[in-house]
Amino acid sequence: MPELPEVETVRRGLAPAMVGARVARVTLRRPNLRFPFPERFAERLEGTTVLELARRAKYLTAHLDSGESLILHLGMSGRFDVRLPDGSNLSPGDFYLEGALGTPKHDHVVMAFANGATVTYNDARRFGFMDLVATRDLETCRHFASMGVEPLSDALDAPLLARLFARKITPLKAALLDQRLIAGLGNIYVCEALHRSGLHPALPAGALAKPDGSPAPKAKTLVKEIKAVLTEAVAAGGSTLRDYARPDGERGAFQHGFRVYDRVGHACPTKGCTGRVGRIVQGGRSTFFCETCQVLPVR
């Protein structure tokens, strides 16, 4: 599933074609994706102008002049194909699926804009979805009401992290993936941020808060590394694993900078460390970490 940097890359690729443009025609090639389309979906979109294309965690939101916002979630395999009248692609931010996964038979939604651009949503697995809600109700709608803080926002700092994690015995990695606390983090970038911070993924999350609730020293380090990893990944155009590449056909490059993710048996890249990358399973997901410099304290 695409994580925050990939979704942000997609947003940046879609914005030049969509923002300020009027939706001329919407073609639905099936009645549903993961969920059924909203009532009169195409009709409510046609004739509207996109005022802004934003991101909330792993969601995209297109704010329309009708007072509604289009919510887009890419699921596991969703991608957008953006084409200009001359047939060229916009960049950066699209999904690339190997073989038949990216074929036209999986083109489910086609949005034609009055400026001549066409945006096609392709989703082989159909785990993505689209919804329409009143813009004024975005933060309280069912998709966003329980979401936590944005990890790249100024709101996420060491004191807030300490307050969120205080007295929690939940493993640190699981707490970071809890979208009710911090919205937008995923498996790849949590593994990378924990390694950079020298924190074991199974450490109780409450260890980042002192008994009085103030942040432990490592809380500041972790916040800094979360922001650094995400910022670097966005700048690199995301990470290409199996499903992701940029809309100009180039793949995202951050995977070349992975320190631990999917690198079992490789030497730890931390200067002076002689350890190797190991793997454990937490919550049904693979966790990658250095067995030497990310040590779980003995209690």
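Using N, Cα and C of the backbone, Cβ positions are placed for all residues, glycine too.
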Candidate sharing the DNA site with H106, K168 (per Swiss-Prot), from R83, R125: R125
Most Cβ neighbours inside 10 Å, all chains, among the recorded positions K58, R125, K168, R285: K58
E3 (active site, proton donor) and R125 (DNA binding site), distance between Cα atoms, whole Å: 17
Rounded distance in angstrom between the Cα atoms of K168 (DNA binding site) and R285 (active site, proton donor): 20
Using Cα positions only, nearest of the recorded positions to K58 (active site, proton donor) (P2, H106, R285): P2
Maximum Cα-Cα separation in Å among residues H106, R125, K168, which the record lists as binding DNA: 43
